[in-house]
Amino acid sequence: MTIIIDQPDHFGSDVEGKTVPIDEKELVLDGGFVMPHTNSFGHTFRDYNAESERQEGVENFYRKNHIYQSVDFVKKMREEYGKLNRVEMSMWECCELLNEVVDESDPDLDEPQIEHLLQTAEAIRKDYPNEDWLHLTGLIHDLGKVLLLPVFGGLPQWAVVGDTFPVGCRFDESIIHHKHFKENPDYNNPAYNTRYGMYSEKCGLNNVLMSWGHDDYMYLVAKENKTTLPSAALFIIRYHSFYALHREGAYKHLMNEEDFENLEWLHIFNKYDLYSKSKVRIDVEKVKPYYLSLIEKYFPAKLKW
């Protein structure tokens, strides 16, 4: 079953697209995993111009996302969801819940999210067998998408998925569908529309408000439930959708030394996150015991969500 979230139809779908070319030199990962040239629909990865069955919805999604994601909105969501008072359940129970979700902002995949999580984790496990924390990060990095489900408030897609970006400073032009920020209430606010905005040089990304979504929510869940995952794992969880940074190199003036160290791991992770999306099915029951052992190692049995 696919969860469809009704959204107010305020906007049209005449949105300019952007294609991010693939560097042919990157088609083979460090451990031998070969990246496919095309996604599940036969198009280039992250190609927002390619015509597919889901393209109109993807374009409309980003228009809403860029208009509504403001400093005030992000602060409100972090305060509300930071309470972690909606559900208590295990990490694997959350994985199973995510099987009900399809990400409408993703032009590369239309399979349930549990498939993508396991594809990512298993590809990393093959190439980095000794980094079990990275395997688990691959499994759980998208669990915040449960925000789409009614028990978590049934947030609209634009408030859960898609590329993330800082709020409280100038929206970088490398962000996909940048033109729609002109309708964002922060766009003309002199406190928020300069290079640094409300921040300072090398302040550290931990002090920067990011657009609200599954990344920041899952980061809060992991952090507040006292995970023993390393800081690089939390960095990956929180910033894996921050393509303006790890794909385009924007916003580095806000990063501190630890951010740059963790960014190296995010670059490694992102290749698997993006390019492992395929129609290849994973035997869930076969790999489940291994991931349950990792969850037990790094998380409490029950978590607050």
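Glycine residues also receive a Cβ, built from the backbone N, Cα and C atoms like all the rest.
Automatic prediction, not curation, is the source of TrEMBL annotations.
If you draw a 10 Å sphere around the CB of Ser241 (substrate binding site), it holds 24 other CB atoms from the protein chains shown. The feature substrate binding site is assigned by TrEMBL to Arg46, Asp103, Glu104, Ser105, Lys145, Gly162, Asp163, His240, Ser241.
The Fe cation binding site feature in TrEMBL is assigned to His116, His141, Asp142, His214, His240, Asp273.
The separation of Lys145 (substrate binding site) from His214 (Fe cation binding site), Cα to Cα, is 5 Å. His141 (Fe cation binding site): 26 other CB atoms within 10 A of its CB, across all protein chains. For Asp273 (Fe cation binding site), the nearest neighbour among the listed binding-site residues (Lys145, Asp163, Ser241), judged by C-alpha distance, is Ser241. Residues His116, His141, Asp142, His214, His240, Asp273 make up the record's Fe cation site, and a Cβ search at 8 Å around their centroid adds Leu117, Thr120, Lys145, Asp215, Ser241 from the same chain. Annotation: no binding-site residues among His116, His141, Asp142 have CA atoms within 10 angstroms of the CA of Asp163 (substrate binding site).
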